[in-house]
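Engineer: There's a structure below that I have some questions on.
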Amino acid sequence: MAVSRSKTLAFAAIAIAALLHSSVAQTTHTVGGNTGWTIPQGGDSVYSNWASGNSFSVGDILVFNFAAGAHDVTQVNKADYDSCSASNPMMTSTNTPARITLNTSGEHYFICGVPGHCSAGQKVTVNVLASTTGSSSPSPAPMALTPASAPSPAPTTVSAPTPSTSPSAPSPASTASAPTPSTSPVSGDSPSSAPGPSARPPMTYTVADSFGWNIPRNASLFQSWAAGKDFMVGDVLVFNYSAGAHNVAEVTSDAYAACTTTNPISLDSRPPSRITLTTPGEHFYLCAIPGHCTAGQQLSINVTGEAGGASPSGSPSPGSGDMAPPSPNSAASLAGVSAAALLSVFVALLF
């Protein structure tokens with residue numbers, strides 16, 4: 001019976017150690033961080049810089065956050081990655097957020113398969129290392145087996161609470177619960193202060209500042225202007241141009257990439273054009289006069305949150321942030337709950 005009990009305890013300890021090891025080993029990475037999976041304003045260096053700052057291991061998960069219908073995630077080989085070809089994909093996902101588990105070590109190549117997006121910089125390479133954390137799992141096992149001699153203290157701790165703790169517990173419990181309500185208002189203050197940065201009033205941005213909405217000297221002028229700005233729901237874009245010389249068309253991502261305005265979302269030719277940003281996500285603008293878009297008169301921006309009094313909802317609302325952070329936390333919490341359940345079985349077997 002003692003031998004059987006020891007074997008059972010050893011198995012439970014090994015199972016707990018293995019589960020804890022797997023929960024530590026897996027990491028969830030949100031591709032591009034807050035930028036998400038979109039046409040980057042700084043070219044493909046945005047994603048290469050992001051990847052160089054992260055360490056990827058087998059079992060990790062990549063999360064691609066993007067606007068539904070605007071992009072996709074296509075895994076390709078190196079040759080197709082270099083040539084931005086999606087004609088022979090290893091896999092393609094159009095569901096957002098796309099979650100991809102890294103099952104093998106080595107280099108993995110991902111692009112957006114929408115025409116023009118990869119060549120505009122929407123591509124990322126990650127180098128996946130083989131998991132090297134396996135050596136840590138044997139050590140918890142002997143540690144878990146060592147306390148097998150601990151049944152003797154356990155009866156004393158069980159008998160001690162019964163006589164004295166139940167009469168005296170109500171009064172300390174009531175005094176202990178008093179600070180708890182006072183702590184929750186304090187924690188209530190900190191969430192209200194968190195939306196502070198998002199609670200700014202709506203802002204008005206003059207596109208390209210003094211240069212205005214004109215054919216640029218270089219094709220990156222408008223994206224360089226947008227790169228350092230945080231656009232939020234409620235903000236206003238002002239396009240300054242000469243009447244009859246230009247216009248402002250909002251289009252889909254496909255039309256933006258192809259510089260076509262056959263079916264615009266909106267079109268305005270009365271300067272200055274004032275456009276209020278009413279929805280989060282990516283917005284694409286170009287001049288619909290033939291030849292102007294291909295010469296660089298186009299602008300894409302990413303709108304997040306809400307400005308003004310609606311900031312409490314604006315704080316959690318960044319689309320990319322909603323999907324990514326919960327993933328690692330939820331994975332870790334599930335692993336923690338499972339580990340706790342196994343630990344309870346382990347303790348029960350001890351006694």
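Using the three backbone atoms N, Cα and C, a Cβ is placed for every residue, glycine included.
What TrEMBL records for this protein is below:
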SIGNAL    1-25  signal peptide
DOMAIN    27-130  domain 'Phytocyanin'
COMPBIAS  132-197  compositional bias 'Low complexity'
REGION    132-201  region 'Disordered'
DOMAIN    203-305  domain 'Phytocyanin'
REGION    304-329  region 'Disordered'
COMPBIAS  309-329  compositional bias 'Low complexity'
Engineer: Quick check on the domain 'Phytocyanin' (203-305): DSSP residue counts for helix, strand, coil, in that order please.
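Structural biologist: Looking at the domain 'Phytocyanin' (203-305) with DSSP, the answer is 16 helix, 37 strand, 50 coil.
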Engineer: If I take every residue in the domain 'Phytocyanin' (27-130) and average their pLDDT values, what number comes out?
Structural biologist: 93
Engineer: From the DSSP assignment alone, can you count helix, strand and coil residues within the domain 'Phytocyanin' (27-130)?
Structural biologist: 17 helix, 33 strand, 54 coil
